[in-house]
Amino acid sequence: MTILSIATVSLAGTLTEKLEAIALAGFRGVEIFEADLLSFPGSPADVARIAADLNLDIITFQPFRDFEGMPEPKRARVFDRAERKFDLMQELGCDLLLVCSNVSPESLGGIDRAAADFTELGQRAAARGIRIGYEALAWGRHVNDYRDAWEIVRRADHPNVGIILDTFHILARGTDLAAISAIPRDRIPLVQVADAPLLDMDLLSWSRHWRCMPGQGDLPLDAFMAALDATGYDGLLSLEIFNDRFRAGSARGIAVDGNRSLINLMDRLARARGKPIQGIPAMPARAECLGVAFIEFAIGEDAVDSFETMLKALGFTKAGRHRSKDVGLWRQGDIHIVLNWDKEGFAHAHYITHGSSVCAIALKVADAKATMERALGLHDQTFAQVVRPGELDIPAVRGVGGSLIYFVDETSGLGRWWEVDFEPVPGAGEGAGLATVDHISQSMLYEEMLSWVLFYTSLFDAGKGPVLDVLDPGGVVQSQVVENRTGTLRLVLNASQSHRTLSARFLTDFFGSGVQHIALSTGDIHATIAKLEANGISLLPIPENYYDDLEARTDLEPAAIDRLKAGNVLYDRDAGGEFFHAYTETLEGGLFFEIVERKGYSGYGAVNAAIRLAAQTRLAPTVTMPRH
Ligand SMILES: O=C(O)c1ccc(O)c(O)c1
Ligand SMILES: [Mg+2]
């Protein structure tokens, strides 16, 4: 049966905090890193007790370094050191020692020499009821390939000596996976799992700082899992993630992410092979997002007038009044905006914490119940509040910054949410040509970004784009897209390590992560902008220099450039077509809208982001409006 585990090195905190977070996140096993034990103010037996109380198995003690191929007299000393660690492991109640391949310049190569060392270590370990797992580090001095490690283990020919496969070391070097299926599964005591973004850097730094949870990076983990599955392996799967951000994050949050990432990985494998995996509960497939049903703003009573005025100016019409609460529904094209200033319930709590802001996003899915089931299976945080008679109970999970993501579908009646909850308000305005929500951009803490990438891509049938660096006058902002193939789910996640970027200042002003901008689509950006301007909406002014450069680097006619300039419209193009976009000036609270027109284009205008950020910074250099 598959047992999920994690190495203590993956998390922040003291050893006790780590163990508690690991147990709470649903892991059954833990790998104790030596450094965590050395800094623990108690005996190994104390650690064993804490783990037992938490119902955690200490599956491995690691790493044991620079063992094989040492010349005498070092060789004798290495065996003495191993015996000391066996003592410690017995106290710890752990029977598997991870030996990683030797990196010492003093070590001698030679497969038979290494094999002989492992035979002897196996004999000594067996006398203590201990097993040895040999792992090839990608930067090992003589052994850096799992195929060589396996040959050594095979020749050592001792039942207590096996091979530990670590996805990072194998995939980072692009090692061929075919040889995995030739390893008997009972010779693999442990498989360590880690992902990583593709980076052009030395293997050691890449491994020690940039590993991440499966699904957060770019390594071909599905191919590895398929090769491993061919051996029939169904034992321990342990996350071993060296990552600077995770070490600075919350142990509990990162541990939950880890568990979620493994469940998601195994769910992918189960689907690929068409057979469930023992020990991993089956769950519905990733949900297809069919679009944004509505965006809900929690606002103060005193802000209702100004918000409604702004929505009107953007071309929205009041379409409904909530039957029992201070909530209004506004509509334009297929865009629905809910304004909530009720004094009770979730929205109010959100307003108290964050000020006027987006408190919920409702997404259309094929089956809301199945989506919720998957969310539960992934340990996503579900949400429920008191539902008054006559109101719909819309299933929801917690999203970025404590906001909600609602799921509505067409099959369960949830799709008619507005008819149930709202009294229609007659009359329709002419609108400004805005048709759909194109994308939603969320700003968050740098440490959170990978968590939300995993959250979205494990729950929804969506992928992630590359991490882009965007220059803000106050620093660098990292930007990553989460989107599905049809473009019905498009999110842009932003975070920065500087405190002076617009994205970071949004977090400070807003008391947390959240929606910073909403992009609305139009079929004719020039007509839409003319309407908005006539309605008194100020668009973000774009400097002349931008248009001079655009003229120099594109084949756009001068008249077309003049038109863009007049409307403060930015331009981009890709293989699919053209993109036009403009921004409203920033509203109270740091939120703004983007107006976009896509003509076959599938990106987000990232080349223009620095221009936009500089323009916004010029308009709002340091002070922001009070929020309450
Ligand atoms: O970076 C290291 O030294 C190291 C140690 C132990 C491991 O299991 C590993 O994968 C890497
Ligand atoms: Mg490892």
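For all residues, glycine too, the Cβ spot is worked out from N, Cα and C.
Divalent metal cation binds Glu135, Asp166, Glu240 as TrEMBL records it, and from the list Gln123, Gln192, Gln216 the residue named for this site is Gln192. Matching His379, His499, His517, His526 to the Mg(2+) binding residues that TrEMBL gives (His439, Glu594) identifies His517. Of all the binding-site residues in the record (Glu135, Asp166, Gln192, Glu240), the one with the smallest CA separation from His517 (Mg(2+) binding site) is Glu240. A count of other CB atoms within 10 A of each Cβ picks out Glu240 as the most crowded of the binding-site residues Glu135, Asp166, Glu240, Glu594. Secondary structure of the domain 'VOC' (436-585), assigned with DSSP and counted as helix (H, G, I), strand (E, B) and coil, comes to 53 helix, 55 strand, 42 coil. Counting Cβ atoms from all protein chains shown, His517 (Mg(2+) binding site) has 23 others lying within 10 Å of its own Cβ. Less than 6 Å separates the Cβ from ligand 1 in the case of none of the binding-site residues His439, His517, Glu594. Between Asp166 (divalent metal cation binding site) and His439 (Mg(2+) binding site), the C-alpha separation comes to 37 Å. Cβ contacts within 10 Å of Gln192 (divalent metal cation binding site), excluding its own Cβ and spanning all protein chains shown: 26. It is 44 Å from the Cα atom of Gln192 (divalent metal cation binding site) to that of Glu594 (Mg(2+) binding site).
Shown in sequence order, Asp438, Ile440, Ser441, Val492, Ile518, Ala519, Leu520, Phe593, Val596 are the same-chain residues outside His439, His517, Glu594 whose Cβ sits within 8 Å of the Cβ centre of the Mg(2+) site.
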